[in-house]
């Protein structure tokens, strides 16, 4: 058993003996155009079945909804007016002035005097963000998996072994980001005219098993870039060594701040956070909950020693109660 | 300090996903508790010479744990792979630890109960030479089951607490006490239903202790947990079930205390206690699922605790950073 919380190298923690660098994403939402090429590339490469029934969700241009068993990249669309933009600028500026302790340059610039005249249209904006599994340093899903189906790869990522998972669903509740999901039988209603065509489609694979992004493990072992990053036309999704991704993210957020975009902030680049940092770092332009991300996630297992302690005390109490009940000896 | 922003979410969609667990899991929470407490009563009957209590408690333990295990397997996405639960032992996974506890408990409870069945049927089970072995290990098996009884009753609280489901996670400090108390009162209730009053003196005491523990632990839990994450315990179906659970527990406890020596009152109190325990488990289970479905219960407590840490001068542990 490795560390349950705090900064660590997850690959070494999982007892991989070689010196393989941790891989990860940096998703720069400031240059995402919402084309959803990542969603499509992910589905195609991983043979993920259709999710839902092609319905319109009525939430801007997002008809995918959320990450799930069959959706491992999800592009969020948020439409915002002037007031919300101003709030985002202010909350971002407050973050910078907290003076986060960090390692190495670039130093946080003093933004008190920064020109915040919007470089884009002032009236409204669209936030677009491609969400993905975070491949946490301390992964709640992996910790609570009873079968060992979820494991830490040599790249520091978290992957489900389809032939081991028995679909107990504990990981679904264990993920602080709501990423992993058990795949339901995925019966899809199809248009009658295309019935024959769909009859020939393969059955939905891995029904009843927990599914999520593998960071294209099958591509990584061949030294290939994950499908989503490969397909992204604007390089909003970057892939590489985790350390390089974090450094790139820090440089990018400093650049945006220098341009007056104080709303820019990083999500998941701090190894002191509740999950020990994440493998998929994001640059966001508003508070995380606006994108459907938790504002202060904490891996539940961090408190597990305490929970076992409390349970032990309760067990002792139960034994004492039973002993007390039988005191007085034979009837 | 960051000003307290009003609650926002992504089109009202949940942040965390609820566990894909159906009522089967809530039924198991209840039956596991009944089995655990019954094994303790069985051991008590065994050690203090109460043969009817011993027999009924052992049979109750096996019936409850078997039905509970079936419910658990039924709830799996791939039931045919239920044995994968035992392909490893992972201390970080309460489900793994619990699977081993359940297996160890079932072994002892099974042997003890089969010995009772053999006795009841006048040694008619086709055991052959194994009958002597069975009679020799019957006592130790009862002890073994009782050793794993407490862990069986308590681990399910850790299983729920060790999730990102807001209400369960926020309750992790006190939930083990609620669950073991609920197990005590439910198993004592079952004994009061099945066993004549001359042998249920200890069960009545255990019932009263269980009710006291259950009501007190529930109150302390609600008082100490995050007030927003506690809301689902008071709302909707879960709120109604927990309200009735408390009423039935108190009624059953009073009935036990005042009229437990009367066979009819004892049996009625026992039924009330069993119902109270089932409602506690279903109520806590449902409240957790409801808290996962509403983004408010994930986002607001997290924003509040982040703001509180910042106000206390801790600024280096947020997931969102300016640089």
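Placement of Cβ uses the backbone N, Cα and C atoms for every residue, glycine included.
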Which listed span TrEMBL calls region 'Disordered', if the choices are A:1-20, A:21-40: A:1-20
DSSP-assigned states of the region 'Disordered' (A:1-20) in counts, ordered helix, strand, coil: 4 helix, 0 strand, 16 coil
Positions whose Cβ lies under 8 angstroms from the domain '4Fe-4S ferredoxin-type' (A:23-52), at least six residues beyond its ends: 61, 64-65, 68-75, 77, 126-132, 135, 155-157, 186, 188, 204-205, 211, 213-216, 219-220, 226-242, 245-246, 248-249, 252, 256, 261, 264, 278-285, 291
Cβ-Cβ under 8 Å with the region 'Disordered' (A:1-20): same-chain residues at least 6 beyond its ends: 137-139, 143, 151-156, 271-272, 274, 276-277, 299, 301-302, 304-305
